[in-house]
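Copied over from TrEMBL, here are the features:
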type     : residues : note
DOMAIN   : 703-760  : domain 'CBS'
TRANSMEM : 65-93    : transmembrane segment
TRANSMEM : 113-136  : transmembrane segment
TRANSMEM : 164-186  : transmembrane segment
TRANSMEM : 230-253  : transmembrane segment
TRANSMEM : 265-284  : transmembrane segment
TRANSMEM : 317-338  : transmembrane segment
TRANSMEM : 448-466  : transmembrane segment
TRANSMEM : 472-491  : transmembrane segment
TRANSMEM : 503-530  : transmembrane segment
Amino acid sequence: MLSNHLQNGIETAKLVWSRIPNSEDGEAVGLLSTSAGGGTVESLDYEVIENYAYREEQALRGKLYVGYYVVVKWFFALLIGIGTGLAASFINISVENFAGWKFELTFSIIQKSYFAGFLVYILINLALVFSSVYIITQFAPAAAGSGIPEIKGYLNGVDIRGILLFRTLIGKILGSIGSVGGGLALGKEGPLVHIGACIASLLGQGGSTKYHLSSRWLQVFKSDRDRRDLVTCGCAAGVSAAFRAPVGGVLFALEEVTSWWRSQLMWRVFFTSAIVAVVVRTAMGWCKSGKCGHFGSGGFIIWDISDGQEDYSFEELFPMAIIGVIGGLLGALFNQLTLYMTSWRRNYLHKKGAQVKIIEACLISVITSVISFGLPLLRKCSPCPESDPDSGIECPRPPGMYGNYVNFYCSKDNEYNDLATIFFNTQDDAIRNLFSAKTIHEFSAQSLLTFLVMFYTLAVVTFGTAVPAGQFVPGIMIGSTYGRLVGMFVVKFYKKLKIEEGTYALLGAASFLGGSMRMTVTLCVIMVEISNNLKFLPLIMLVLLLSKAVGDAFNEGIYEEQARLKGIPLLESKPKYEMRKMTAKEACGTQKVVSLPRVVKVADVVSILRCSEHNGFPVIDHTRSGETLVIGLMLRSHLLVLLQSKVDFQHSPLPSDPIGGSRSIGHNFSEFAKPVSSKGLSMDEIHLSSDDMEMYIDLAPFLNPSPYVVPEDMSLTKVYNLFRQLGLRHIFVVPRAARVIGLITRKDLLIEDAEDSNTVELQSTSRSAT
């Protein structure tokens with residue numbers, strides 16, 4: 001009977017495995033392919049298209065609607081905070097319970113047989129990792145990795161297909177539980193940023209129409225501009241939930257992912273992060289009653305070291321500066337190695353299909369389990385130190401339990417294995433042990449060096465596999481390890497009792513994150529928030545500045561490197577130096593501008609859209625004297641909407657009304673909005689008869705009459721800054737203007753409300769012109 005069940009299980013596994021696609025012919029992963037050549041990149045329309053439909057809609061809006069619009073934005077910020085906080089709590093509870101059950105079962109088995117416990121430990125990790133990689137490869141390919149480079153590209157104005165879908169959200173949540181719970185050398189903090197962005201985007205579009213989880217009353221925001229603000233709130237919420245650091249979440253959105261910022265958005269982002277903090281705090285308070293299984297022992301501050309070193313001396317600044325330099329070197333090396341590994345995977349390994357991705361992740365899981373279980377077996381145990389009643393630290397403790405001094409493969413009860421304390425443990429508990437104060441001489445230099453080399457290697461190899469993977473927590477573990485090593489040498493050299501090794505572990509963690517991610521203010525605030533010790537703020541600032549400076553001398557930050565590898569064309573905050581010597585006309589090159597007449601034949605529109613991949617077309621008209629006049633910009637997506645609806649087709653090739661006149665159109669402004677995370681309409685979906693092809697369309701009511709225009713001799717640096725800071729998709733390059741009709745100064749932009757609410761008075765009308 002047992003053999004029959006076993007045989008049926010094997011046959012079922014073979015059937016499932018055979019159905020996994022073994023080539024890249026299946027569904028495309030939501031990443032760009034420009035780096036491979038031949039790919040196309042689409043941008044988002046962050047510019048407001050002020051066409052006739054938009055002006056007509058704005059004219060109908062009163063103060064009541066404007067107030068409703070603002071209230072809805074704040075309400076959505078509230079929903080984003082609640083949703084992200086609940087998702088983070090669910091992931092934390094699931095990961096902690098899976099890890100707790102794993103260590104509890106393994107420890108109970110190793111009391112009888114270490115080999116049996118070793119097999120159980122490997123199989124549990126393998127099952128969790130397999131579930132994660134299977135979900136990613138078969139259900140949500142865009143959920144692989146941290147997601148931060150993709151979200152950064154989205155907020156930079158790049159449309160990356162599939163990164164904000166509902167299935168990406170589900171895949172990210174479930175995949176993170178499996179990969180982190182399976183003990184891989186990665187974290188859940190980066191994926192939480194992606195999760196927050198997905199929740200914000202889904203709320204902005206009113207839910208998921210594909211899975212019938214949409215609501216009409218949520219479908220308020222139709223433009224990419226409004227959705228961008230919501231996704232920004234989601235990114236901040238993700239960091240706030242990951243580290244329980246609301247201020248750090250706001251600064252992360254400001255410093256790292258956004259390209260455009262304003263004060264109104266700052267308030268909503270801050271409000272969202274605060275809501276996340278309240279939700280996570282409430283969930284943790286509920287879990288402390290024992291209702292969440294193995295979760296609930298930690299506090300709101302993840303790694304509290306407020307009872308650690310109270311002060312520092314001037315002599316300690318030099319070794320602390322050394323930590324900053326080491327962080328910059330190791331961080332830059334980490335970025336370069338992961339870049340090589342990811343490039344090799346994308347160009348060779350992952351092209352062989354989904355089965356190879358699954359085998360790779362499972363193989364790395366087995367290697368990680370063997371190292372984390374096997375290396376502590378080779379380490380001799382140390383006797384427990386004399387217990388200090390004031391420290392609250394017990395020795396020893398069983399593996400997988402909260403606290404220091406893990407008893408693992410020790411011959412006596414009052415001994416502990418220092419390598420198992422950090423290796424055979426959850427990452428949060430391992431970091432808490434490395435940060436801990438009043439535990440001098442808990443770890444030997446040999447154990448710390450062994451862990452540093454092995455975990456650093458595992459982090460490099462694991463990064464880039466087809467599972468959700470964050471680099472915050474692995475970076476903290478690597479940095480805190482060599483930071484504690486430096487702290488041990490400082491304690492021996494200065495021979496002062498007030499020096500804590502955990503303080504140097506904190507500085508090491510900050511230095512490695514700074515050397516890898518190249519953030520300064522954000523990391524500084526996050527490290528202070530998670531450690532609950534404001535005294536070390538100047539020291540954290542010192543090591544961050546040094547590590548970033550050293551790292552910048554070798555390469556860019558890890559997210560910028562990964563974005564470039566994935567073909568995401570980010571516009572960085574600073575233009576290239578070569579742009580100073582180039583003009584706008586030189587940047588245009590010799591490309592031919594495809595333009596449309598104001599009244600265009602449907603057949604001509606179809607021909608242009610089929611033969612051209614441009615997403616914007618200048619629209620020209622002619623004055624009575626025959627002079628050519630550019631009257632605006634027409635978007636490809638808007639042309640497709642007009643072709644599909646056919647309601648604005650006309651028989652006459654003449655304009656239906658003069659430019660600027662009023663006319664009745666069959667569309668409202670929301671109909672031109674492109675669905676989020678979708679390519680929208682395509683020519684293949686539009687069916688036109690031969691009679692339709694002979695009709696005409698007057699484009700004047702639908703074009704953007706006021707696109708941004710620059711002279712042909714403007715420096716490319718100024719064009720770059722204008723394009724990036726305003727979040728543009730197109731800029732017209734025109735010859736030098738022949739005449740000037742006016743000059744706007746600051747006072748011309750200062751508007752005073754008159755007593756009559758329907759009129760507005762310019763301040764410049766009551767002052768002399770200057």
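The chain as shown is numbered from 1 upward.
Cβ coordinates come from backbone N, Cα and C, glycine included.
Counting residues of the domain 'CBS' (703-760) by DSSP class, helix then strand then coil, yields 15 helix, 12 strand, 31 coil. In terms of C-beta pairs under 8 Å, the stretch of 65-93, 113-136, 164-186, 472-491 lying closest in packing to the transmembrane segment (448-466) is 472-491. Residues of the same chain lying 6 or more positions beyond the ends of the transmembrane segment (164-186) and with a Cβ under 8 Å from any Cβ of it are 30, 87, 90-91, 94-95, 98-99, 102, 124-133, 135-136, 139-140, 142-144, 147, 154, 192, 194-195, 197-199, 201-202, 207-208, 210-211, 213, 231, 364-365, 368-369, 372, 427, 455, 458-459, 461-463, 465, 467-471, 473-474, 676-677. Most Cβ pairs under 8 Å with the transmembrane segment (472-491) belong to 503-530, among the candidate stretches 65-93, 317-338, 503-530. If you look at the transmembrane segment (265-284), the same-chain residues 6 or more away from its ends with a CB under 8 A from one of its CBs are 73-74, 77-78, 80-82, 84-86, 88-89, 93, 229, 232-234, 236-237, 239-241, 244, 246-247, 249-250, 253-254, 296, 298-300. Between the transmembrane segment (317-338) and the transmembrane segment (503-530) there are 3 or more Cβ pairs closer than 8 Å, counting only residues 6 or more apart in sequence, so the two stretches are in contact. Mean predicted confidence for the domain 'CBS' (703-760): the pLDDT average there is 83.
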